[in-house]
């Protein structure tokens, strides 16, 4: 059983948010934290999600169907991009808040965090928001290949102390942690991956 990702639908406005009966795991993080690269690593494909060096490139809510497990990974717009207009930032903040609070199928928030950086206020705010609304967190440290082993361990401990959950260390380029992340995402969605099916293809 190979795991595959398919971009099934895209939403740009509140009205376009569709209700899917299947479980959903939201992917959120600061602009340029590496969400698109992580989606591609999970899919085992290089071009499923568009990757850009320009912060804030993802400006939509993208619903990726995970087969054959039948749940969605929902890629939310990156936040914290200072060059975006105030009205644009406000628009996406409202979209994010409505999705996180009104989607009955949402099972967890996968919060992407740059392994190289200290905890950022916007990340802390989103983690607190999720916890205040009873939304389970799956913290993910991205770009772990840029840090040495001591730095990785320190960052994991730091975030575990903050959110109460040890983050999954990942690297999209080396595929570090991708198999474990699939297990964590599936568990959060309420499904099980048998050992022979861990690798995304």
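Every residue gets a Cβ built from N, Cα and C, even glycine.
These features come from Swiss-Prot:
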BINDING   29-36, 56-60, 75-78, 142-145, 168-172  GTP binding site
BINDING   36, 58  Mg(2+) binding site
DOMAIN    21-191  domain 'EngB-type G'
Going by DSSP, give the three-state secondary structure for residue 60 (GTP binding site).
-> coil
List the Cα distance (Å, whole number) between residue 36 (Mg(2+) binding site) and residue 60 (GTP binding site).
-> 12
When a 10 Å sphere is centred on the Cβ of residue 171 (GTP binding site), how many other Cβ atoms does it contain?
-> 21
Per DSSP, three-state class assigned to residue 33 (GTP binding site) = coil
What is the total of other Cβ atoms whose distance to the Cβ of residue 78 (GTP binding site) is within 10 Å?
-> 23
Sparsest Cβ surroundings (other CB atoms within 10 Å) among the binding-site residues 36, 60 = 60
Return the residues near residue 29 (GTP binding site), defined as same-chain residues 6+ apart in sequence whose C-beta is under 8 angstroms from its C-beta, sorted by sequence, else 'none'.
-> 35, 78, 79, 111, 112, 113, 123, 142
Count the other Cβ atoms sitting within 10 Å of the Cβ of residue 145 (GTP binding site), across every protein chain shown.
-> 16
